[in-house]
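Q: Copying in the features that TrEMBL gives for the protein in this structure:
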TRANSMEM  7-25  transmembrane segment
TRANSMEM  79-101  transmembrane segment
TRANSMEM  122-155  transmembrane segment
TRANSMEM  175-198  transmembrane segment
TRANSMEM  210-228  transmembrane segment
TRANSMEM  240-261  transmembrane segment
TRANSMEM  282-303  transmembrane segment
TRANSMEM  315-335  transmembrane segment
TRANSMEM  342-368  transmembrane segment
TRANSMEM  374-394  transmembrane segment
TRANSMEM  401-420  transmembrane segment
């Protein structure tokens, strides 16, 4: 009982650690996040009118098709009396930090140790990668939260009707929350169907529940995407496979797995081996070498087939890969017939496969930053295995607690150091931040320019002008041609008729700040580049 109490206190403490780290960046700038202007506009609109803006004339044409995060924050703003701007900036850190509770629960269950649960929650709360993207308001951030809570209940759904009901409700709630999260929920159910079809066919009740929930959620998702998310269908689904063929593929896969399981059985024999100090030491050394080589290659040549060139500062994120990768060695010691490990392991491999296909085929929409974020969430489950297994192999029982404390403080303070360093860099736009002066300019625009005017700028400032200034902007549609004009005649032609998310418009104003002169961001998946001096001098 006393140990359980201390375990609960530890998880609650990690919530406040997570909250503190996620508030650093939002409190360091007037606006934090690459699309915060759009997000503020939608939250404020819903808070004021109780519905999504239609038509939506911003850059993210699919944002209002998955409105759950905006409705959640908009409702909170309306009932609490807190301004939409404050809720937009500071709301997500409080919400996303709640994930330490399901992370600790799943980590404890997978590793069989309380320490494994604490370390899994610690990695989520203090890892540089997870801290960054879960502090920003976005549909994918709320989608990650729903997915992890869903997974927490779904692991028990075969034994508990209550867990089955909660997991199904969470799966359905994911549909209007985030499209990629819905895909991962359906993928999780597919993996469960494979397990019960080929490994535990005798559990007919579990198999029936899995089929019912999988068919129901898949059908609801297809109906929602078809009726309420036409832009998503056009931009994503139809690029993968022609309609209506692509809508029939999930049902064909369900039937194939179900009937194949009636005739094919796979042995539940364990795949295990002994992890020695020598094996672990060599494995950790190999991880360091491979990680370093990957960082050097990607920094120099970008990702294969994808024109994304990370900033060299992204090397600071590499250490957060080491802990979960060490866990791989211990994770695969467990029986392949153990449901929890099978489900999480195959789900992790499936996400890696999706990213690999995108990298090597050039299908960029398979590897948006959101997919990598989901990968890091799943990698957190391996941390409990990695750290606990390493401590048991190298240290005596009385020393393990102190080494664990050192690892915890090292992870927290390294993340704080990198975060504070990011908050103090001279070019905030590189990390999606906007200085206070730009927000003042947007407020001036709102009061001193015609409502039907259109502004030319890059992606970041277009979002600020649109959201906080209430004016139409070019983003990269017309911004890139304008700021890369070959001469005065070309510039005037571009200004006279420019493309915007809403269509074509005549540019009335050009907005440029100090950040944009040195690092204009026209395309989110490409590096920031300075505006040519020839254009600035026109």
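Placed from the backbone N, Cα and C atoms, the Cβ positions cover glycine too.
Situate these features within the shown structure.
A: Listed as Cβ neighbours of the transmembrane segment (79-101) (distance under 8 Å, sequence separation of 6 or more from its ends, same chain) are residues 11, 14-16, 18-19, 22-23, 26-27, 31-32, 36, 39-40, 43-44, 47, 72-73, 121, 124-125, 134-138, 141-142, 144-145, 148-149, 468.
Beyond the ends of the transmembrane segment (374-394), by six or more residues, the same chain brings 103, 106-108, 110-111, 113, 115-117, 119-120, 122-124, 127, 129-130, 144, 147-148, 180-181, 184, 275-277, 280, 320-321, 323-331, 344, 347-348, 351-352, 355, 400, 403-404, 407 to within a C-beta distance below 8 angstroms of the stretch.
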Q: Give the nonlocal contacts of the transmembrane segment (210-228) in its own chain as ranges (CB under 8 Å, at least six residues past its ends).
A: 65, 157-158, 164, 167-168, 171-172, 175-176, 179, 182, 185-186, 189-190, 192-193, 196, 237, 247, 250-251, 254, 258
